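Below is one structure, written out as structure tokens, with a few remarks after it.
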Amino acid sequence: MFSTSDQVSKMNSRILSALLILGIATCVIAGGFCPKSRHPQCNLSYKINDCCAQSDCRVGSVCCVEGCGNVCRAESDTPLGEKFVDGSECKHGHVFPKKWYQFW
């Protein structure tokens, strides 16, 4: 037969396992926020995209939309900037605006 201490031990290990899984899931989902944009306005006639997905950035960084293109920035605790949405239209590198004759 099981003693009361064995039952308590099993219950404690289940609770700790559940808390561990919850903690890991929270870290994976949290993702972080973009800090305030350094350059909200861009004086260039083109953009330079360093990232086109969150996976393009290192751990602890987030792909953020800036005035002159998307860049990887260190995560912030507060949502002050604009985070790039995975799946949005994006092209890596220098992106020039279309000329009038390229729209057709």
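The backbone N, Cα and C atoms fix where each Cβ goes, glycine too.
As written in Swiss-Prot, here are the features:
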DISULFID  Cys34-Cys64  disulfide bond
DISULFID  Cys42-Cys68  disulfide bond
DISULFID  Cys51-Cys63  disulfide bond
DISULFID  Cys52-Cys90  disulfide bond
DISULFID  Cys57-Cys72  disulfide bond
DOMAIN    31-76  domain 'WAP'
SIGNAL    1-30  signal peptide
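Sequence features, as recorded in Swiss-Prot, placed on the structure.
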residue : record         : CB count, 10 Å
Cys34   : disulfide bond : 23
Cys42   : disulfide bond : 13
Cys51   : disulfide bond : 21
Cys52   : disulfide bond : 18
Cys57   : disulfide bond : 21
Cys63   : disulfide bond : 23
Cys64   : disulfide bond : 26
Cys68   : disulfide bond : 17
Cys72   : disulfide bond : 16
Cys90   : disulfide bond : 19
The DSSP breakdown of the domain 'WAP' (31-76) into helix, strand and coil residues is 3 helix, 17 strand, 26 coil
Measuring Cα to Cα, how many Å separate Cys63 (disulfide bond) from Cys57 (disulfide bond)? 6
What disulfide-bonded residues in the list Cys42, Cys51, Cys90 lie within 10 angstroms of Cys64 (disulfide bond), counting C-alpha atoms? Cys51
Kindly assign Cys90 (disulfide bond) to one of the three DSSP-derived states: helix, strand or coil. coil
Compute the C-alpha separation of Cys52 (disulfide bond) from Cys68 (disulfide bond), stating it in Å without decimals. 14
So what's the average pLDDT for the domain 'WAP' (31-76)? 93
From the Cα of Cys42 (disulfide bond) across to the Cα of Cys57 (disulfide bond), what is the distance in angstrom? 22
